[in-house]
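*Asks:* Pasting in a structure now, in structure tokens, and then I'll have a few things to ask.
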Amino acid sequence: MTIFNHTLGFPRIGLNRELKKAQEDYWSGNLLYEDFLCVGSQLRRENWKKQKDAGIDYIPVGDFAWYDHVLSTSMMLGNIPERHLNVNDNKIDLDCLFRIARGCSPDVAASEMTKWFNTNYHYIVPEFNKNRILKFSWKQILEETDEALLLGYKVKPIILGPITYLWLGKIKGEYFDRLDLLKNILPIYKQVLRELSQRNIDFVQIDEPALVLDLPEKWKKAYSYAYEYLNGTTKILLTTYFDSIEHNIEYIRDLPIYGIHIDLVFGKYNLFDFNSKLPKEWILSLGVINGRNVWRADLIKLFKSISTILKFRKKLLIGSSCSLLHSPIDLQKEKNLDKESKKWFSFAVQKCTELSLLSKALNKNDTDSIQKWCSSIYERNFSKRVQKIEVQNRLSEILNVNFKRSDSYNIRSREQKKKFNLPILPTTTIGSFPQTLQIRKLRRDYKQGLINDVDYEIGIKKHIKEVIKEQEKLGIDVLVHGEPERNDMVEYFGENLDGFIFTDNGWVQSYGSRCVKPPIIIGDVSRLKPITVKWSKYAQSLTDKPVKAMLTGPVTILFWSFPREDISLEKIAKQIGLALRDEVLDLEKEKIEIIQIDEPALREGLPLRKSLWNEYLSWAVDAFRLSSSGVKNTTQIHTHMCYCEFHDIMHAISFLDADVITIETARSDMELLKSFKTFKYPNEIGPGVYDIHSSNIPSITSIKFLLNKAIAYIPVERIWVNPDCGLKTRNWNETILALKNMVCAAKEMRDKIKKIT
């Protein structure tokens, strides 16, 4: 038996973020349509070549997306929201795709965006309408398959599976069972598979990550119906990732498919036992190389594990655990990483090399080459940069009292209301203000040593002063300093905490054109000196209004970084929590008495199986409270969350015991607030009243409409008024117009409430 290798997908953004730049140029009218298409074609060709040159046998196609692969599937199925379809003669084209993703006017809003399972990638949520007619409308998968075949590659097309697609979407309008749409979309899937079968391909990868979830019974049974219907078109490799599918094996093993892919990184399998449950004729694809982290793989360990089942399986593939979408592209692009640490890492291109080395070692039963690859892993175990005894000692000395505020919210709230004397429906923002070219240049010049500390501080303070001035002119109640010193909400803190390392080009896609460069946690974490105190203190000196300090929470820093794999996530989170606790207390000493600790990643850290939620939420909440609980009653703690559903973790959110929580709700039309109807959240809430991810300027009427919706769920005396998220990606004109309308809406609502009372 020859063992072949494959990846489940490759990063689509380009080595130098070419896709991001092309998207933004196209949206602004600075790039022609034909030239934009050429950028996409060039990126695909480069990706295929990189994988082939690294030794990948089956080259994936269909993993490229102009914005998001779930949105591409909606386009393929012709599942276009009516408000976007009627803009341009019902034409389903690239501009239609971008309208769905970004919106084009207040009346033609973007579709909702949310997290892709428990990752930091975001997808555009499909909208389902009972009466929508669906048909094969977007032939990107066929065109790109032909493109790769013409170049001589052994091609493996990738399609998001029908059940997972329906699971990820939401009903708009009249309620009906989403599974009723299965009979409408399966003929389209069948048509696509039949057309692919006419090409020179061995099999098609159909992604069904929903199989790792605790699905309702009828959804499990739907798999049988769907894949019986698709049987006979072409060979199907059913692909799962992010967790184990053992709990659903009885529904999977009878499916008429070519084989199954499992994630051996995040799924806890007894491989020998699991293999025995599968049909002998199936090909088994083992996801052994972590697609979501940057550490070099222990190929010797993997060789031994895979070798145990070789004689029991006639056909075997090895691959990445999931798409390499979540990994930076090429470690060789990093010129400033020190020699010691650089040997510890593996990015997408190197992960392809790992798959090639491992498949060759297994086929030859020879471990010489992989032993050499693993030598740096063993060296890391003895590095002084990893283990720090003083951090470990402090963590071991934590007491229960460190996780609790001294008094309840009701007592704190009375003291805070007396101290701050804010109006009903107080206005604030989430933290960041527009990151202008001047701000970016200032930071870049400082980082490159072109300006000194004094000039940098003068420049940053100038921008802070402008932000404070604009907020005062607008009449905002609680101000922020605007974060001009921060390139990214996680990277900035990582740069100022010990235990992190940074890349120059380790970009990964978060959504659309938004890319992030996560820091890497390489050792025990601690704070060496104050991080934000200087800037917040200066901002507060410019105004009599309260200024809110902005910190990124421990769970978000953890999950938006590439974490260590040698200790538990809980330990890392609590180390970060202790470091932030020091920062919070220093802010309080300097009379900064409203402090926001952002935790947008709280929900994405949830295990995909609900049976494991309580354990995770227990330590995640503890890490937050460790950072926030040391302050006085009069210091108001805020937290912010975005892009997520809250209804099933409301108890955990309440246990955070933040005085105020601000949340993303505008894009979902306040739908998330339904959670507050059944769960009486005890503290204050700022439901986002407009979507900052769209360039649309919200009207006063639309903001008041959303506030009235919020009042139906939350007592008005506990509501704050704020945008959905930070304003970093918006320009100043959009920001001023939107905030002006937000403040006007809040004032009009106050006047209305006064008249009623």
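Backbone N, Cα and C define each Cβ position, glycine as well.
Annotation comment: Swiss-Prot describes HIS693 as active site, proton donor. What Swiss-Prot lists as 5-methyltetrahydropteroyltri-L-glutamate binding site is ARG17, GLU18, LEU19, LYS20, LYS115, ARG514, CYS515, TRP560, GLU604, and the listing cites sequence analysis. Positions annotated as L-homocysteine binding site by Swiss-Prot, on the basis of sequence analysis: ILE430, GLY431, SER432, GLU483, ASP598. Look at Swiss-Prot and you will find ILE430, GLY431, SER432, GLU483, ASP598 tagged as L-methionine binding site, backed by sequence analysis. According to Swiss-Prot, the Zn(2+) binding site annotation covers HIS640, CYS642, GLU664, CYS725, on the basis of sequence analysis.
I'd like to know what surrounds each of these features in this structure.
*Replies:* When secondary structure is read from DSSP and collapsed to three states, HIS693 (active site, proton donor) falls in the coil class.
According to DSSP, GLU604 (5-methyltetrahydropteroyltri-L-glutamate binding site) sits in a coil region rather than a helix or strand. Around GLU604 (5-methyltetrahydropteroyltri-L-glutamate binding site), a 10 Å sphere centred on its CB holds 21 further CB atoms from the protein chains shown.
GLY431 (L-homocysteine binding site) falls outside any helix or strand according to DSSP and counts as coil. The 10 Å shell around the Cβ of GLY431 (L-homocysteine binding site) contains 26 further Cβ atoms across the protein chains shown.
Neighbour list (ILE430 (L-homocysteine binding site), Cβ cut-off 8 Å, at least 6 residues apart, same chain): VAL480, GLN596, ASP598, HIS640, THR662, ASN722, PRO723, ASP724, CYS725, GLY726, LEU727.
GLU664 (Zn(2+) binding site) carries neither a helix nor a strand DSSP state and counts as coil.
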*Asks:* Counting only residues 6+ away in sequence within the same chain, which have a CB under 8 Å from the CB of SER432 (L-homocysteine binding site)?
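*Replies:* Counting only residues 6 or more apart in sequence, the Cβ neighbours of SER432 (L-homocysteine binding site) under 8 Å are VAL480, GLY482, GLU483, ARG486, MET489, MET550, GLY726, LEU727, LYS728.
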*Asks:* If you measure from the C-alpha of ARG17 (5-methyltetrahydropteroyltri-L-glutamate binding site), which of the recorded positions GLY431, CYS642, GLU664, HIS693 fall inside 10 Å?
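*Replies:* Checking Cα-Cα distances against ARG17 (5-methyltetrahydropteroyltri-L-glutamate binding site), none of the recorded positions falls within 10 Å.
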*Asks:* Give me the Cα-Cα distance between LEU19 (5-methyltetrahydropteroyltri-L-glutamate binding site) and CYS642 (Zn(2+) binding site), rounded to a whole Å.
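*Replies:* That separation, Cα to Cα, works out to 25 Å.
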*Asks:* Please report the Cα separation of CYS642 (Zn(2+) binding site) and CYS515 (5-methyltetrahydropteroyltri-L-glutamate binding site) in Å, rounded to an integer.
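*Replies:* With the alpha carbons as reference points, the distance is 17 Å.
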*Asks:* Given GLU664 (Zn(2+) binding site) and HIS693 (active site, proton donor), what distance in Å do their CA atoms have, once rounded to a whole number?
*Replies:* 11
*Asks:* Given the L-methionine site residues ILE430, GLY431, SER432, GLU483, ASP598, which other residues of that chain have a Cβ within 8 Å of the mean position of their Cβ atoms, reported in sequence order?
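*Replies:* My list of surrounding residues reads THR429, VAL480, MET489, MET550, GLN596, HIS640, CYS725, GLY726, LYS728.
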*Asks:* Quick one: among the recorded positions ARG17, LYS115, HIS640, HIS693, which has the most Cβ atoms sitting within 10 Å of its own Cβ?
*Replies:* HIS640
